[in-house]
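If you look up TrEMBL, you'll see 20-39, 46-69, 75-95, 116-135, 150-169, 190-211, 231-252 marked as transmembrane segment.
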Amino acid sequence: LPQDPMDFEWSYWIEWGRERILWLLAGHLLVSQVSRLLVEKYKPWCLMVYGMAACWLLLGIKGFAVILLHATISFAVAQFQLSLLTWLCSLMLLSTLRIPAVEETKRKWYDTENEYYLLLFTVSVRCLFCTSFSLEYCWHGPAQKSSHSFLWMLAYVFYYPTFHNGPLMNFDEFSKQMRRQEAFNLKTNLGILIVGIIRIFFWWCLAELMIHLMYIHALYSSASPLEAASYWALGGLALAQVLFFYVKYLVLYGVPALLLQMDGLKPPALPCCVSLMYGFTKMWR
């Protein structure tokens, strides 16, 4: 059956995943496991270098330079140790994405609109990570400042599994877990990987079935079927919409969560099923 093409986010990330991102994530997994096996002490720096190389390959030298510039500015502003200044800096950096002249300049760097959007999404998510680092730098005392070096900020900002679309992991959690050295067990890690891949494949199949059978988004894009539908049907459509949103993010956040586990980190919890929620605010978390 033909696919419902109206959910831009799903179509966009699945297309990028098939073309390049899944291969780059597989490369990250290989580098991570080899560094854990041979040079556990230098694992953060191996992953940082890989993340920078992947960013350069996917976004080009100019896209890489933009993200590096944002991180440098955020780090410089954090030295003042004022939370308000950090928030203002983050909002200012985020607002540059909507300046028409800057937008046009960035569009000229790429051959397709999809490549420009990838830069846009990545810079937006990196802004959250820079904000997390800067705020935690402001909140900590002088004794803890040594763990908040610029090098650690780069390791955090260029950590590839969460690079393009999240999920968000606070800097303190990231650095504490990344510094922790654990015994490497290939058999255990292989078991985690196989079970994780099976689960993500199941969620992906479920999302694809919904896209090919239910046409929720196509119905929402046209007023006439919605006007003709009963209130019960509209309620069903609304529920179907948020259920698809939930399944979509099980896939989009499930892949990086699996890689975080393989790196010896504890990933943020995956989304809760929306059918179990009584308040919608948790949906956006």
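Just so you know, glycine gets a Cβ as well, placed from its N, Cα and C.
Note that TrEMBL annotation is computational and uncurated.
A Cβ distance under 8 Å defines the sequence-distant neighbours of the transmembrane segment (46-69), meaning residues of its chain 6+ beyond its ends; these are 20-21, 24, 27-28, 31-32, 35, 39, 106, 109-110, 115, 118-119, 122-123, 126, 151, 154-155, 157-160, 163, 263. Proximity of distant same-chain residues to the transmembrane segment (190-211), defined by a Cβ-Cβ separation under 8 Å and at least 6 residues beyond the stretch ends, is recorded for 3-4, 7, 10, 29, 240, 243-244, 247-248, 250-251, 254-255, 258, 261-262.
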